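Q: Feature table excerpt (TrEMBL):
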type    : residues                     : note
BINDING : His54, His99, Asp187, His191 : Mn(2+) binding site
DOMAIN  : 31-107                       : domain 'Manganese/iron superoxide dismutase N-terminal'
DOMAIN  : 121-220                      : domain 'Manganese/iron superoxide dismutase C-terminal'
Amino acid sequence: MAMSLLRTSAARRAMMSTRSAPAVFARGKATLPDLDYDFGALEPYISGQIMELHYTKHHQTYVNGYNAAIEKFDSTSDIKSQIELQSLINFHGGGHINHSLFWKNLAPKSAGGGELLGTKSPLSKAIEAKYGSYDKLMGTVNAQLAAIQGSGWTWLVKDSTSGDLEIINKANQDPVTSPYIPLVGIDAWEHAYYLQYKNVKVDYFKAIWNVVNWKEAEKRFLA
Ligand SMILES: [Fe+2]
């Protein structure tokens, strides 16, 4: 993943300044990534209130939870305890990765949000070949989203072995893993829409395409 989710420069500097001391691995802390736009910039499709809570509370909780779980993991040599921490690391680490990708997935209308790529774009060609059109792709993703029971995500991904596009669902905060490369992910957790769309989540699924950043998706597709 191109996006760095760890800020390690302080740890690196500390290690460089103690070259003669025994090597000690200093793990960087996960931190919230910067947002490229204001909380209200995705309105009316996603309210500023949702964005602020989603970013400053929910995403921050995943960051904190991941850091706490890793700290515990590093502080024990008991294998059973380490195994028991795996689900926490998966949940909070996955939540951190998923949301970091999600913010980049979105863009205000004024910055190209919702703007489809031209017919010559490699991603457009792949979408047309596999799904027939952007509209049909969005309809298929929305049907998958609506079918999620409980919390989870639907992702448009590229299979890195075949190069094919696929649509996959992930439960809870399970991240997209190899061989799939995440291109566009839609958060189907209630915290992503409930304040604005209440129980009508299908309206949120329809609306969010107005602010999807297809240029970012193509960047990931070509990476
Ligand atoms: Fe979320």
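A Cβ is built for glycine as well, from the same backbone N, Cα and C atoms used for every other residue.
Curation does not apply to TrEMBL; its annotations are automatic.
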Q: Which three-state DSSP class does Asp187 (Mn(2+) binding site) fall into?
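A: The three-state answer is strand.
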Q: Please work out the number of neighbouring Cβ atoms within 10 Å of the Cβ of His54 (Mn(2+) binding site), leaving out its own Cβ.
A: 22
Q: Measure the Cβ-based neighbour count of Asp187 (Mn(2+) binding site), defined as the other Cβ atoms within 10 Å of its Cβ.
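A: 24, counting other Cβ atoms within 10 Å of Asp187 (Mn(2+) binding site).
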Q: So what sits near His191 (Mn(2+) binding site) in its own chain, CB-to-CB under 8 Å and at least six residues off in sequence?
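A: Listed in sequence order, they are Leu53, His54, His58.
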Q: Counting only residues 6+ away in sequence within the same chain, which have a CB under 8 Å from the CB of His99 (Mn(2+) binding site)?
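A: Same-chain residues close to His99 (Mn(2+) binding site) (Cβ under 8 Å, separated by 6 or more) are His54, Tyr55, His58, His59, Tyr62, Asp187.
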Q: May I have the list of same-chain residues other than His54, His99, Asp187, His191 whose Cβ is within 8 Å of the Cβ centroid of the recorded Mn(2+) site, in sequence order?
A: Tyr55, His58, His59, Phe102, Trp189, Ala192
